[in-house]
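*Asks:* Below: one structure in structure tokens.
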Amino acid sequence: MTITIVGHGYVGLVTACVFADFGNKVWVVGHTKEKLARLKKGDPIIFEPGLKELLQKNIKARRIFFTDDYENSVSESEIVFIAVGTPTKETGEADLNAVIDVARKIGKNLKSKLTVVSCKSTVPVGTNKKIETVIKRHKPKSSEFAVASVPEFLREGTGIFDTLNPDRVIIGSDSKKAIELLIKLHQPINGKRIITNLASAEMIKYASNSMLATKISFANLISFYCEKTGANVVEVLDAVGLDNRIGRSFLYPGVGYGGSCLPKDVRAFLNTGKKLSINSKFLEAAEEINKTAMDSFVDVVANNSPGKKIGILGLSFKPNTDDVREAPSLYIISELLKQGFEIKTYDPVAMENVKKFFENKISFKKNPYEAVAKTDAVLVITEWNEFKQIDLAKIKKIMNQPFVFDGRNIYEPELMKKLGFKYFSIGRP
Ligand code: UDX
């Protein structure tokens, strides 16, 4: 098949590379010339494990092409995916400007055969109908199209694996032909197929991300209880998670959830709820607890650190990504700066992306040891593998004072005590 994907972020580029790797011809449409030039040379711009190799392989095989031209790409494609961003507006609403603008451009460039316009961007219920209206308004009279919603569930850091092995492939459309074509395109991909209408497909994405956010906030809430009672949150949630109805995954407390999806999607879903006069306090609470998780970590550091010099390990919103959108690290650093802390940091891949937020207010180091040398306390904010078995004895030796604040519970309290650290973690005595 020939397909077009508009957008080359974590979703667009990963999806494009995977479909190209199956042997399809894939056009990737972008708007920024410099980025397109880098992509054409095999530089994925973003960091996602395995993506560079997959991109370069498919450029070489002449299966993936980058352009800012909708005419060539859209006109020869059977399926066109919209995979552009839907950031939050100040009101909490999802900003649909990019999606609608792209729909207009796709519409103008449709040719006579049936083209399926399929939205992967996370958009509030009803948006695909808007996309349909916009395309209808702009398309050449003779052309035919159908819209579909195919929400994406890939997690950053495991994007390629998730695209190949999703738990489910959701295809929402009112058009039989669109559903048939999308089933054909997804044929090599694992996972259960759910065929549904547009509104349900849109809703499935928000309901899933809201549920995940709620599970994390529930875990954080239980950690607050544990901290005040001497219970151990890890043992509690290990046991709770053994109940199959609940499950263990996404029940890890920490410094809060971040990233480009959960915070934004919970806000947008709340906004939809408000418009529909639905009492969504349940989700508001998930949001509030998430902020409390970050605030209470800041308080524990501020109240217990023996000095103002600190080293921070991990900046990305989770391991294996360079993405720092809504990363808890950004909030925690800005709060600690307000309180006069002097901060050195280290992250394997996310430092470049953090520099623009703080300029020279914090320093960026080449390795974790440089970030913690001569500090009064170490803060672990992202659980990168390389911190898990770091030389703790060496760290203790090079620090001014042996204080560790572990925001992701990656070390064992007993071991830390034995090594002579004053150790603080989440919800564990
Ligand atoms: C998420 C969804 O998982 C994915 O299905 C959807 O399509 C996009 O949004 P992503 O944003 O890549 O994916 O990250 P995810 O792995 O969900 O983690 C989100 C945040 O939650 C991270 O900050 C992570 O550290 C935090 N988290 C996750 C916890 O604090 N505890 C947990 O138990 C799990």
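Cβ atoms here come from the backbone N, Cα and C positions, even for glycine.
Sharing the features that TrEMBL gives for it:
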type	residues	note
ACT_SITE	Cys261	active site, nucleophile
BINDING	Lys35, Thr86, Thr122, Glu156, Lys264, Arg325	NAD(+) binding site
BINDING	Phe153, Leu154, Arg155, Glu156, Lys205, Phe250, Leu251, Tyr252, Pro253, Gly254, Gly258, Lys318	substrate binding site
DOMAIN	311-413	domain 'UDP-glucose/GDP-mannose dehydrogenase C-terminal'
*Asks:* What does the DSSP secondary structure composition of the domain 'UDP-glucose/GDP-mannose dehydrogenase C-terminal' (311-413) look like, as residue counts for helix, strand and coil?
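*Replies:* Final tally across the stretch: 39 helix, 18 strand, 46 coil.
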*Asks:* Go through Pro253, Gly258, our binding-site residues, and report the one whose Cβ sees the most other Cβ atoms within 10 Å.
*Replies:* Pro253
*Asks:* At its widest, how many Å does the recorded substrate site span between Cα atoms of Phe153, Leu154, Arg155, Glu156, Lys205, Phe250, Leu251, Tyr252, Pro253, Gly254, Gly258, Lys318?
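*Replies:* For the residues that bind substrate, the greatest Cα distance is 24 Å.
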*Asks:* Of Thr86, Glu156, Lys205, Gly258, which binding-site residues come close to ligand 1, meaning Cβ under 6 Å from one of its atoms?
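*Replies:* The binding-site residues passing the 6 Å Cβ test are Glu156, Gly258.
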*Asks:* Are there binding-site residues among Lys35, Pro253, Arg325 that sit within 10 Å of the residue listed as 'active site, nucleophile', Cα to Cα? If so, list them; otherwise say none.
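*Replies:* Of everything listed, what lies within 10 Å of the residue listed as 'active site, nucleophile' (Cα to Cα) is Arg325.
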*Asks:* Are there residues of the same chain, six or more positions away from Lys205 (substrate binding site), whose CB falls under 8 angstroms from its CB, and which are they?
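*Replies:* Same-chain residues close to Lys205 (substrate binding site) (Cβ under 8 Å, separated by 6 or more) are Thr122, Pro151, Glu152, Phe153, Ile170, Asp265.
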*Asks:* Calculate the distance in Å between the alpha carbons (Cα) of Arg325 (NAD(+) binding site) and Gly258 (substrate binding site), and round it to a whole number.
*Replies:* 7
*Asks:* Which residues in the same chain, at least 6 apart in sequence, have a Cβ under 8 Å from the Cβ of Thr86 (NAD(+) binding site)?
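*Replies:* Within the chain, Thr86 (NAD(+) binding site) has Cβ neighbours under 8 Å at Ala94, Asp95, Leu96, Ala98, Val99, Ser121, Thr122, Val123, Lys264, Ala268.
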*Asks:* Spatially, and counting Cα to Cα, which of the binding-site residues is closest to Glu156 (NAD(+) binding site)? Options: Leu251, Pro253, Gly258.
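*Replies:* Nearest in space to Glu156 (NAD(+) binding site), counting only the binding-site residues, is Gly258.
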*Asks:* Show which residues of the chain containing Lys35 (NAD(+) binding site), separated from it by at least 6 in sequence, have their CB under 8 Å from its CB.
*Replies:* His8, Ile45
*Asks:* Which one of these binding-site residues, Arg155, Lys264, Arg325, has the sparsest Cβ neighbourhood, judged by other Cβ atoms within 10 angstroms?
*Replies:* Arg155
